[in-house]
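Contents: one structure, followed by commentary.
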Amino acid sequence: CSAMRSFFLAFLISGPLSGQLAQGGAQVKISDMPFPVANAQQLSQIVWTMLGTTTKETVYCVSEAPVSQLRFVCVDCFQKNITDMVNVLSGAQDLTRSAGFPTVALRNVAVNTNWTGTTIMCQAALNGGTIDSAPAVIDVRYLKQPHVVDASGQGPVLIANQGYRFYVECIRGGDGLCQQSARRKTLRCAVQSHPPATVFRWLKNGVITSGNGADITIGTEMIGQSIQCSANNGLFSDNDMPTSQAVQIDPYSAARLIQDNFQTMQSAAPFQAGNRIDMNQQINLGCQVEGSPRPLVFWKLSKSNGQVADAACAQGFDGQYQEVPLDQRTQSALANNLVRLNAVCSLRITNYSFSGQYWCSACSYVSQGTPECSPSLDSPGPSVLSVQVQGPPMQSDTAPSVEKSPNSETAIVTVHYCAEPPPKPPRDVIFAVDQNELQIGQSWQNFRFEGTTQNNTLPNCYLARLHISPVTDADQSRQMVLKVQNTYGSKHIAVTLGALLGGGSASSNSFPGWLLALILLIAAGLLSFVVVVFCVRRNLLCFNKVKSASPYDDKRKANLNVHQTYVEEAPRPLYQPSGQPVECPLDYESAVQVAYCESRMSSV
């Protein structure tokens, strides 16, 4: 036991020293100076400082003869999913010839900021094995260029040929000047760095205005001025701190809705009583908005289920706008440099999804990200246009579906359709199964039309349910159609039961019996043909080409008890002593003699 304890103690002590003493006393070290290995200091942490795109520090791996093939290796890159370090480490420069001892160096390394915390070591080859240095942990220190953002982290607006802009609210008084009561704006100096930045400076038109603080609050006093920020985490001198791009501060008058044409439209054609409008009609929604900077208009639709979606027309930067002439603007608007626009949303009513409440929002982008809008983009304001589409029945975007439990013999097929006015049962909604029409509550064989219900998520849409009990294999090949009609027209919606009940797969249950019988018949015919060809080629069974000897010949041969042989060398007489030709054998075993006789006679 004491010997075992001594062995483990020696292992634990010698383990960390494996990179410094191994195989004949050879050492390998990672150092920041190109000293001989005996004088080099092993680094436990490698600090790489990024000034630009590369580091300013050089890291060395040193050893001593007779080792060779020094190289840096990453210990945990695979676990940390770091893939770009391998190429950098393999590009270490060999300085052995100039240093006089085994040395490689990493210079001007293009490091990645996510390398912090990664472990590397140096390896050397000796006598067919490797020697490892002690591990060293990488610490990448950097500070990227700062940026000015707002309190929500959004950057300024970039205007073509004018640069970056932030806006502060300006409410002008009777004298045309911005009042101090307007909302103030908080800006932040955002910077990516390691270690974190601790020193910040704000500059107004290039001149330092405040000291150590990441945030600054500005108001109308900064209108027309430019603002920048600087940050430092100890990597730079006070006179060389990285500085952000300049951002211009401009006045901002919140975009607002002046008027719309909603009430006028609802009181004229093509609208009917109750905000109803027929299918395939064209309507143009109009809104007049005002604001500074130039406002934008977004058109929204609130459906009957509460869902809010974009209206099906051009909007935002792609919208249809016409600027109001100067002579039609108020003096206050001209004095405040407000921009007034007429915006149009052209809608072609093509289906029932156009039903709902429409409104327009006047918006301004005062920073990147979501614009500031009035009324909100999420809920309508006091003025809306209600649209109730009416027309012939249509198939819903929702495909037919089936409800079927794994161990159940029943199924419920649901078919979706839309119509306004709604079809009136029982004659306006009919299921036809193999041309057998079923009204609500009626049955045919194992099919029963349960009824219809309104879809709570889609306007003017309904669900028709057909109950099948029990489900049989024959049901998958039946032809089923939902017939719907109202005062505007009718629609036949075909339903593929095979895809719904069988999952769209060709299973044995849905395979036609006649087709299976035809395939088996063809297979039997092919098998018979193959057997016949085989027998013919092999001379088997009844397809043997050479006839057997007759019973008479067999008896004669047995009575004579003669065993005829064929001798190649013996000449065969053509004539008997009486002068008569020799009769050629007729039995099977003398077939060769027949051929021989015929050939001799023909030659004579």
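Here the Cβ of each residue, glycine as well, is placed from N, Cα and C on the backbone.
Feature annotation from TrEMBL assigns signal peptide to 1-19.
Taken from TrEMBL, the feature domain 'Ig-like' applies to 146-248 (among others).
Under the heading domain 'Ig-like', TrEMBL lists 251-378 (among others).
Marked as region 'Disordered' by TrEMBL: 376-406.
Beyond the ends of the compositional bias 'Polar residues' (385-406), by six or more residues, the same chain brings 260, 262, 265-266, 274-280, 283, 285, 349, 351-359, 412-421, 423, 455, 458, 460-461, 471, 484-486, 488-491, 493, 495-496, 500-501 to within a C-beta distance below 8 angstroms of the stretch. Per TrEMBL, compositional bias 'Polar residues' is recorded for 385-406.
Marked as transmembrane segment by TrEMBL: 514-536.
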Under the DSSP assignment, what numbers of helix, strand and coil residues are found in the region 'Disordered' (376-406)? 0 helix, 14 strand, 17 coil
Helix, strand, coil residue numbers for the domain 'Ig-like' (146-248) per DSSP? 6 helix, 48 strand, 49 coil
